[in-house]
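For 8-79, the entry in Swiss-Prot reads domain 'KRAB', with the evidence type sequence analysis. Among the features that Swiss-Prot reports, zinc finger is placed at 186-208, 270-292, 298-320, 326-348, 354-376, 438-460, 466-488, 494-516, 522-544, 578-600, 634-656, 662-684 (among others), with the record citing sequence analysis.
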Amino acid sequence: MTESQGTVTFKDVAIDFTQEEWKRLDPAQRKLYRNVMLENYNNLITVGYPFTKPDVIFKLEQEEEPWVMEEEVLRRHWQGEIWGVDEHQKNQDRLLRQVEVKFQKTLTEEKGNECQKKFANVFPLNSDFFPSRHNLYEYDLFGKCLEHNFDCHNNVKCLMRKEHCEYNEPVKSYGNSSSHFVITPFKCNHCGKGFNQTLDLIRHLRIHTGEKPYECSNCRKAFSHKEKLIKHYKIHSREQSYKCNECGKAFIKMSNLIRHQRIHTGEKPYACKECEKSFSQKSNLIDHEKIHTGEKPYECNECGKAFSQKQSLIAHQKVHTGEKPYACNECGKAFPRIASLALHMRSHTGEKPYKCDKCGKAFSQFSMLIIHVRIHTGEKPYECNECGKAFSQSSALTVHMRSHTGEKPYECKECRKAFSHKKNFITHQKIHTREKPYECNECGKAFIQMSNLVRHQRIHTGEKPYICKECGKAFSQKSNLIAHEKIHSGEKPYECNECGKAFSQKQNFITHQKVHTGEKPYDCNECGKAFSQIASLTLHLRSHTGEKPYECDKCGKAFSQCSLLNLHMRSHTGEKPYVCNECGKAFSQRTSLIVHMRGHTGEKPYECNKCGKAFSQSSSLTIHIRGHTGEKPFDCSKCGKAFSQISSLTLHMRKHTGEKPYHCIECGKAFSQKSHLVRHQRIHTH
């Protein structure tokens with residue numbers, strides 16, 4: 001049969017099997033066939049032959065059975081469908097040979113018919129396996145095609161021989177065959193890695209040289225391998241042909257779908273030999289193993305920081321360059337890594353694919369699910385070497401370590417104040433910008449932090465989720481519960497070095513120290529009065545604004561402070577939680593109990609500088625001093641009369657209003673003063 005001089009196609013080097021023939025191949029023979037066919041296809045692609053990917057290659061890539069109908073095999077080879085070799089092919093042959101000489105990898109010269117003979121070592125040409133004449137011709141044709149189109153040693157088939165090549169490479173048995181063949185005759189001079197083809201070696205060398213000859217025409221991204229460029233193009237074309245049956249998510253590659261499905265099945269086939277921790281992806285296992293070895297082969301040239309993963313180094317380098325090539329189409333925010341963009345996109349879509357099988361809570365990131373699950377398991381794998389305290393998150397341990405080292409890496413550019421926590425730094429910056437993005441729907445009050453708004457809203461709802469196990473008392477804030485529990489334990493870990501006074505709360509201790517230093521850093525812009533605490537300034541400002549955000553739901557009376565509302569509520573409930581140990585008398589306020597106790601002890605800590613008279617209450621001393629100074633700060637708006645005490649003004653005002661709030665239960669007579677009622681009631685008792 002004469003050879004036609006036409007363009008070489010993939011069919012020159014292709015072998016077809018019928019279903020019956022394919023079944024007779026053992027696993028080793030099938031594997032070899034797959035490798036050879038894919039290799040020949042890649043060789044033609046590499047030297048620039050343009051053609052559509054054949055069906056058989058699709059099948060081999062998807063690991064499907066590549067056999068064809070017997071009629072198709074007959075038609076191809078008995079209808080003269082044979083291709084010759086043109087000048088272009090001969091030039092490519094010469095080019096390949098030059099490349100091999102360049103790398104000084106010379107194998108023993110073998111003829112095409114010898115290749116056919118070696119190939120028969122794995123595919124024995126017996127009457128059982130090759131019942132028809134066209135099959136014999138197929139293998140004969142294959143040998144000739146190799147002889148014409150590729151150097152014999154450029155094909156895996158021709159490497160199967162019992163004798164060694166001149167490099168004395170190690171050999172191994174393949175399948176059940178007693179034949180041996182060379183695996184990697186072409187060595188990389190940089191890292192020593194071996195390859196069975198020169199073209200594979202050429203592609204590998206691009207890792208060392210950084211060469212990326214394949215560029216995307218859409219985004220100019222370059223790749224070292226043509227296959228990677230083809231896969232990349234699918235991102236632009238949105239071609240996602242592999243869909244998950246569980247959640248409907250689609251993928252460009254079948255391998256990505258297989259990895260994704262492990263999220264649903266929970267399969268983790270890759271286990272660490274050191275600690276037996278298992279992973280759903282092999283790459284994650286490889287990264288994990290570096291924790292045990294301590295290996296960090298990837299070092300940053302800018303700052304010297306080392307990483308166990310190459311991808312982590314690449315991501316880190318963008319910190320120095322400021323490069324953020326991945327932009328969100330929704331809001332324009334840019335990211336240094338495509339993975340970060342993918343996670344960010346879920347904030348727009350609301351996608352939360354990772355669900356907790358304990359409580360049903362869903363998360364947008366797998367790492368967040370892992371952290372959440374530790375709430376259920378109680379696992380705290382990150383332990384402090386200094387104090388032994390354990391944490392469920394690595395970031396929490398990092399922040400905790402700063403309490404030992406004193407490190408405060410976050411510094412405010414406005415006031416130079418430094419913080420150990422990033423979130424505290426961000427919150428602090430809002431003081432300078434006066435930004436209060438979180439507003440209460442009930443009263444319109446705005447807050448710097450979301451957590452402050454949540455706590456504030458409990459005033460309106462009355463929610464008190466934190467309950468004391470000792471006495472059952474409930475609190476709206478966890479910090480208040482912790483402080484309260486110290487009353488039961490008697491713990492006062494914070495002691496003043498000046499006077500020895502101890503406190504159960506750190507904040508109270510800090511406030512107390514300002515008594516000794518006299519520090520009052522918080523000034524009122526209205527009247528200039530200074531305060532030692534910002535909370536005290538906030539409360540004081542309400543005296544200027546008249547703001548009373550805390551309203552009693554029983555009588556509608558409003559208060560400027562939550563604590564005042566709580567005290568007022570006891571007038572409705574009759575609650576008197578503070579009991580005197582001496583006489584059993586109960587009080588609604590703690591301060592009232594303290595003042596009462598002085599009646600038993602005789603303590604009078606407040607002394608007048610003018611006359612030396614002492615008082616059990618600070619307010620009594622204040623009123624007494626006005627007797628010396630003549631100060632009368634409380635004026636009647638009706639007649640202008642002034643009083644030294646507000647209680648005296650209140651009584652006086654009843655003369656103008658006619659108010660008589662004190663009623664006799666015996667006769668119903670009313671009085672403007674309580675003392676008058678008491679005097680009147682004696683009439684009924686005598």
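Any Cβ shown, glycine's included, is placed from N, Cα and C.
Sequence-distant contacts of the zinc finger (634-656), counting only residues of its own chain at least 6 positions beyond either end whose CB sits under 8 Å from a CB of the stretch, comprise 623, 626-627, 672-673. Secondary structure of the zinc finger (438-460) per DSSP (helix as H, G, I; strand as E, B; remaining residues coil): 11 helix, 4 strand, 8 coil. Residues 287, 290-291, 336-337 of the same chain lie 6 or more positions beyond the ends of the zinc finger (298-320) yet place their CB under 8 Å from a CB of it. Tertiary neighbourhood of the zinc finger (522-544): same-chain residues 511, 514-515, 560-561, selected by CB-CB distance under 8 Å and a gap of 6+ residues from either end. Helix first, then strand, then coil: DSSP counts for the zinc finger (578-600) stand at 11 helix, 4 strand, 8 coil. Using a cut-off of 8 Å between Cβ atoms, the zinc finger (354-376) and the zinc finger (438-460) share fewer than three residue pairs, counting only pairs 6 or more apart in sequence. Averaged across the zinc finger (354-376), the predicted model reaches a pLDDT of 88. If you look at the zinc finger (578-600), the same-chain residues 6 or more away from its ends with a CB under 8 A from one of its CBs are 567, 570-571, 616-617. Helix, strand and coil residue tallies for the zinc finger (662-684), in that order: 11 helix, 4 strand, 8 coil [DSSP].
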